[in-house]
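Engineer: I have a structure I would like to understand better, so I am pasting it below and will then ask my questions one at a time.
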Amino acid sequence: MIIPRTGIGVDVHAFAAEGEARQLWVGGLLWPGERGLAGHSDGDPVAHAAADALFSAAGIGDLGTHFGTDRPEFAGASGVTLLAEAARIVRAAGFEIGNIAVQFVANRPKFGPRREESQQVLSDAAGAPVSVTATTSDGLGFTGRGEGISAVATALVYPRLSESIG
């Protein structure tokens, strides 16, 4: 019997300092005119949480293990690139990806009008269905004060049949 595995991933980024030239990337999409997020890579909390959830589900570390700040080759990397690489690593470890679900918490950007576009970009990167939802924290905490964005993701993976026998 093949038993699926679930994982959870979390990512949080503060908005970059005023005047710092950083673009906002959320859900694999560029949000022109919005203040960017601070981070080692592009700071996309949605893509990063999705990648982290994949690693968690496969039991092979986390985002920092694979793409940490000690890895200069990932400085400025796109979240979509990191998600695609995470999916490749998880598959190389003997797993297939069932799906990924992500919820991000922020006052901005307004996500609804671009939800389908984001889901397509992330699904293409992961090679599996990715759904994204957005909410606010009703003015509470750092996201409510507009200081940054957080995201939580779950992933479902299952071992390849050939990997689970014997």
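Keep in mind that glycine also has a Cβ here, set from the backbone N, Cα and C atoms.
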Engineer: Hey, Swiss-Prot has divalent metal cation bound by ASP11, HIS13. Any idea which of HIS40, HIS48 it lists too?
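Structural biologist: So, going by the record in Swiss-Prot, that would be HIS48.
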Engineer: Cα-Cα separation of HIS13 (4-CDP-2-C-methyl-D-erythritol 2-phosphate binding site) and HIS48 (divalent metal cation binding site), in Å?
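Structural biologist: Approximately 10 Å lies between the Cα of HIS13 (4-CDP-2-C-methyl-D-erythritol 2-phosphate binding site) and that of HIS48 (divalent metal cation binding site).
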Engineer: Measuring Cα to Cα, how far is LEU63 (4-CDP-2-C-methyl-D-erythritol 2-phosphate binding site) from HIS48 (divalent metal cation binding site) in Å?
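Structural biologist: Cα to Cα, LEU63 (4-CDP-2-C-methyl-D-erythritol 2-phosphate binding site) and HIS48 (divalent metal cation binding site) are separated by 7 Å.
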Engineer: If we check Cα distances from ASP11 (4-CDP-2-C-methyl-D-erythritol 2-phosphate binding site), which of the recorded positions HIS40, HIS48, THR136 wins as closest?
Structural biologist: HIS48
Engineer: Taking only the recorded positions HIS40, HIS48, THR136, which one has a CA atom nearest to the CA atom of PHE142 (4-CDP-2-C-methyl-D-erythritol 2-phosphate binding site)?
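Structural biologist: For PHE142 (4-CDP-2-C-methyl-D-erythritol 2-phosphate binding site), the closest Cα among HIS40, HIS48, THR136 is found at THR136.
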Engineer: Per DSSP, LEU63 (4-CDP-2-C-methyl-D-erythritol 2-phosphate binding site) is which: helix, strand or coil?
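Structural biologist: SS state of LEU63 (4-CDP-2-C-methyl-D-erythritol 2-phosphate binding site) = helix.
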